[in-house]
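As annotated by TrEMBL, domain 'Mur ligase N-terminal catalytic' applies to 14-81. Marked as domain 'Mur ligase central' by TrEMBL: 93-278. According to TrEMBL, the feature ATP binding site maps to Gly95, Thr96, Asn97, Gly98, Lys99, Thr100, Thr101. What TrEMBL records for 302-417 is domain 'Mur ligase C-terminal'.
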Amino acid sequence: MTELFKLFYDCGQVSTDTRKIEYNDLFIALKGENFDGNEYAEKAIEKGAKYAIVDDQSKADNKQIFHVENSLVFLQKLAEHHRKSLDIPVIGITGTNGKTTTKELTAAVLSQKYNVLFTEGNLNNHIGVPLTLLKLTPEHEIAIIEMGASKIGDIKELTDIAHPTHGIITNIGHAHIEGFGSPKNIVKTKTELYKAIEEDEGRLFINVEDEVLIKHKPSSCPTSTYGLRENADISGEILALDPMLSFEWKTSENRKIKVQTQIIGKYNFLNMLAAICIGSHFKVENESIKSALENYKPSNNRSQVEKTINNTLILDAYNANPTSVKSALENFAEITSENKLFVIGDMLELGENTLKYHQEVIDLCKTLNLQGMFVGEIFSQLKDKNEILAFKNTEKAKEFFETASPKDNLILLKGSRGIGLEKLVKTL
Ligand code: ATP
Ligand code: MG
């Protein structure tokens, strides 16, 4: 198999999707739920790929199409080989919430000084991580790799490919509980990153506000810390959420620097501090860090603020789990706007305690004294018991808003992607 690695260096880039093949690509045929890439190898060559790797012997011609035992393993081993051929820092980012945001912010900060490769979008799994690493060139000076996990062992698998030299776990909370089996396994999985960094004698960036993270921090690793506490290497405080976050951080020379961001969410404060902590470690100038953070604008329905003719929307319809919904609501409660309305969608993939987690969200809304409604089958099951306003799906909520047509409200839209709350934007 390793002999075939040299094919990669004869090609432009790696592709696993014949719809996006470009001239001179190396096509690797992966099997998905609905597609078998082996069926498309010939087509990839017709469309300009230089070589293809298949794991179905009958598709190989040994001229341009070569057979390996398992194409996915080939992709991962090739990525590992390529990463190891380049001696650069690789920062691995995992955690329950805030991985993508922290990755984007860190990339913005480090790009002020370095040529940075970073995970595109949310390509953070056993396929996305190797594909990202295969984009590394000798010109890159640092790589930032987002690592997602939905079951035990996932992070170990990714660190074995990416060999991170630096690591950060944004936080540990409750998500994908179905795959993990228990919250304990979530801790075990995420801290696989700490273990990998410890073994490779790398550096960790630690969120000192997360007790679970402090507890599991390997004692032998050099660390840089961030958080609210003054004794953290990078500390800071929130100045305002109106609704954009502004904050101040204390530099290592004890200087205070103000940052006016274009992002909402109290929770993003720690993501910002994480990026500052990493940027400072890599010696990016404070002024450059400030300007990178101030210029950063989120996209993809993550903490986006959108003004419509009638209302201001906080659009967070990309994903939802108990931890992120809790922080979104707590943040929303702290915003000093007059008319506030929440629209919270079901949190999917939570396993057997699904109803309990949804009940907790309902209780929290009451405790925080927030007005609004719930959308989805799960919240609807809890409707009568709690006397809440709940709609079975986004369509029904849309019909409601078409009649109610709220005006001059700040509206929080937060739910799992499957609920599709972004479809309400036009109506609101
Ligand atoms: P995914 O598992 O989908 O890759 P992620 O970890 O990459 O998610 P982001 O995409 O950065 O996370 O953020 C998703 C949502 O999580 C945000 O819109 C916000 O609601 C919430 N969130 C972000 N950062 C934090 C944080 N530090 N603490 C709690 N919640 C957060
Ligand atoms: Mg992500």
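Cβ coordinates come from backbone N, Cα and C, glycine included.
Per-residue confidence over the domain 'Mur ligase C-terminal' (302-417) averages 93 (mean pLDDT, predicted model). Proximity to ligand 2 at the level of Cβ atoms, with a cut-off under 6 angstroms, picks out Lys99, Thr100 from the binding-site residues Thr96, Asn97, Gly98, Lys99, Thr100, Thr101. Thr100 (ATP binding site): 23 other CB atoms within 10 A of its CB, across all protein chains.
Here the Cβ of Gly98 (ATP binding site) has 26 other Cβ atoms within 10 Å, regardless of which shown protein chain they belong to. Cβ environment of Lys99 (ATP binding site): Ile93, Asn124, Glu146, Met147, Gly148, Thr170 lie under 8 Å away, each six or more residues apart in the same chain. Counted over every protein chain shown, other Cβ atoms within 10 Å are most numerous around Thr101 among the binding-site residues Thr96, Thr101. Helix, strand and coil content of the domain 'Mur ligase C-terminal' (302-417), in residues and according to DSSP, is 51 helix, 26 strand, 39 coil. Sequence-distant neighbours of Asn97 (ATP binding site) (same chain, 6+ apart, CB under 8 A from its CB) are Thr170, Asn171, Gly173, Ala175, Tyr267, Asn321, Thr323, Ser324, Ser327. Residues in the domain 'Mur ligase N-terminal catalytic' (14-81) partition by DSSP class (helix H, G, I; strand E, B; coil) as 27 helix, 14 strand, 27 coil. Taking a C-beta cut-off of under 8 Å and a sequence gap of six or more, Gly95 (ATP binding site) has these contacts in its own chain: Thr102, Ile168, Ile169, Thr170, Asn171, Ile172, Lys190.
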